[in-house]
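Trainee: Below are the structure tokens for one structure; questions will follow.
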Amino acid sequence: MNYQKIYGITGPVSTAGSTAAENRLNDELIQELKREGSFETEQETENRVKVLKILQELAQEFVFRVSKKKNMSDGMARDAGGKIFTFGSYRLGVHGPGSDIDTLVVVPKHVTRDDFFMVFDELLRARPELEEIAPVPDAFVPIIKIKFSGISIDLICARLDIAQVSQSLTLADKNLLRNLDEKDLRALNGTRVTDEILELVPKPIVFRIALRAIKLWAQRRAVYANVFGFPGGVAWAMLVARICQLYPNANSAVILNRFFKILSEWKWPQPVVLKPIEDGPLQVRVWNPKIYAQDRSHRMPVITPAYPSMCATHNITDSTRKVILEEFERGIRITTDIFSSKKKWVDLFEKHNFFYKYKFYLTAMAATRGNDEQHLKWSGMVESKVRLLVLKLEALSGIKSAHPFTKPFEAVYCYSTNEDCKHILDSFGTHKTEEELRNFKRVTDENKGDEEIEKQSKVYITTMYIGLDVNVEDKKEKIDIHVPCNEFFNLCRNFNEEYQDSEVYSLVIKYVKLHDLPDDVYEEGEERPVKKKSKRKKMDKISNGSKRTKSETSNTKETCNNSDSAETNGSGTTQNGSVTASTATEVTKA
């Protein structure tokens, strides 16, 4: 009898291998991923390796400098070490062109987090390869975001309670987690989780191809963004890994079909786990819905395998859960059609329809009159709070769902006077006013290095969108959304004292109708939604100029006024984010 290792907390659903037809579909899937640009070139891979080598040297120099400041000898300072670890898509082997590298700097116990944001920051800024840098020490996981030799890198730091961090160090030993604070534990968790995932899948190559496909699908369908309430890269990786455990001998094409089928039928909130949840040596919280009410509130829990186990999908809301399940259903239909030769893999990766789907949208526009580093901090903080606005909107009786889009839109404009800047912000964000922006110079990748551009004052704008699915059954019902908008505005403004400076930082919340979305949200070749003609015009056309009685005219006017109320009322824009919605189709200024 052939013995096969059992992966996961249950036995496999099927141990059957792939058929010849399934292998052909798998080959077609790989070819489609290549056409979609999922794989990077050898040159790009070599560049990443070079950058990581430089970062390793910087990490060791960083620890050496801090050690010398603590009066250590040169020998002891060198022996203190310092090591770079990667995690996320790069560590999993599923990164593509333009992907960032999630990087962890591990340091010995005498190096502090403050040292990381001072000494290591200083070392980075001295490098000629550095293009952008944005330290965010106040983040949930303190981070330095950089662009280095054309590659985006997220740098985090963790301090271990040991005197030396050698190049041979691994992070598998749970005892390394002793005497660490929560931020250090969170920083270490990324690498530990990634390494565990790779240990828990039967065939890493099958897993990687399937995960590449799911990542591409999730990005195209706009369901890939932890910060906005969707699964992030690690959560999608764990979901794919669980399906691989259930079908250990299947190829990647079969894994995709089973992925959509099993997860759409999953009895949420039953958790997805890759191995039994472990106890450990620390007095830290491990995910346990029997003990913690907050854990019971998780809608689609996916639990990390590394100790201490956490929920990677705690950000999912009722609205985003609904969207995810709809996409799972679509995935079943299309992959089933692919297996019956009715469709191709390209159909699975078709772009989302978010900017055609809803009649009403809410936009949160974070702007900074300063430099790009200030704006990265401000806009990043606002992005991290959008999910809380979604939760507040969901609680309103007239809103069936509040669907956040997964990618912010960025714009930078030059201005000469404060009046110009105000005019840019007032005109930005709607189709009917964006023509005014042609009077101002927009900064692009092509012209940002121009001397004239560099001298001018700039306003940086990041726009986030929430699609509103409203209940229109009762035309007289009023939906007042100015309270959650005001609460969101105050939450962002009061995050720290710096952001209360309205001369530098601003947050504008606008209500926008489908036909008035700005051109930026549509790609070249996509058609804009067109405003429907009013019923008055339709009836005039039908009557063909024939004379109507007074009563007919009166009835028509009443019908027309009722149906066009959404088209004729104000935009509902205020500087403090106050917006009032009357019924589902009417918005006025609060």
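Including glycine, each Cβ sits where the backbone N, Cα and C put it.
Quick paste from TrEMBL:
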- 8-201: domain 'Poly(A) polymerase nucleotidyltransferase' (DOMAIN)
- F87, G88, S89, D100, I101, D102, D154, K215, Y224, G233, V234: ATP binding site (BINDING)
- D100, D102, D154: Mg(2+) 2 binding site (BINDING)
- D100, D102: Mg(2+) 1 binding site (BINDING)
- 206-351: domain 'Poly(A) polymerase central' (DOMAIN)
- 353-531: domain 'Poly(A) polymerase RNA-binding' (DOMAIN)
- 522-590: region 'Disordered' (REGION)
- 530-539: compositional bias 'Basic residues' (COMPBIAS)
- 552-590: compositional bias 'Polar residues' (COMPBIAS)
Trainee: Cα of D154 (ATP binding site) to Cα of D102 (Mg(2+) 2 binding site): how many Å, rounded?
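Mentor: D154 (ATP binding site) and D102 (Mg(2+) 2 binding site) have their Cα atoms 5 Å apart.
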Trainee: Rounded to the nearest Å, what's the C-alpha distance separating Y224 (ATP binding site) and D100 (Mg(2+) 2 binding site)? Just drop the number here, would you?
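Mentor: Cα to Cα, Y224 (ATP binding site) and D100 (Mg(2+) 2 binding site) are separated by 15 Å.
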Trainee: Tally the residues of the domain 'Poly(A) polymerase central' (206-351) by DSSP class, grouping H, G and I as helix, E and B as strand, and everything else as coil.
Mentor: 75 helix, 4 strand, 67 coil
Trainee: Would you mind ranking the binding-site residues S89, D100, D102, V234 by how many other Cβ atoms sit within 10 Å of each Cβ and giving me the lowest?
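Mentor: D100, out of the binding-site residues S89, D100, D102, V234, has the fewest neighbouring Cβ atoms within 10 Å.
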Trainee: Based on Cβ atoms within 10 Å, give me the single least packed residue among the binding-site residues F87, Y224.
Mentor: Y224
Trainee: Any idea what the Cα distance is from S89 (ATP binding site) over to D102 (Mg(2+) 2 binding site), rounded to a whole Å?
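Mentor: Answer for this pair: 8 Å between alpha carbons.
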Trainee: Relative to the Cβ position of D154 (ATP binding site), how many further Cβ atoms are located within 10 Å?
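Mentor: Total other Cβ atoms inside 10 Å, all chains included: 18.
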Trainee: Inside 8 A of the center formed by the CB atoms of D100, D102, D154, which other residues of the chain have their CB, for the recorded Mg(2+) 2 site?
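Mentor: Leaving out the recorded residues gives G88, Y90, I101, T103, K145, S152, I153, L155.
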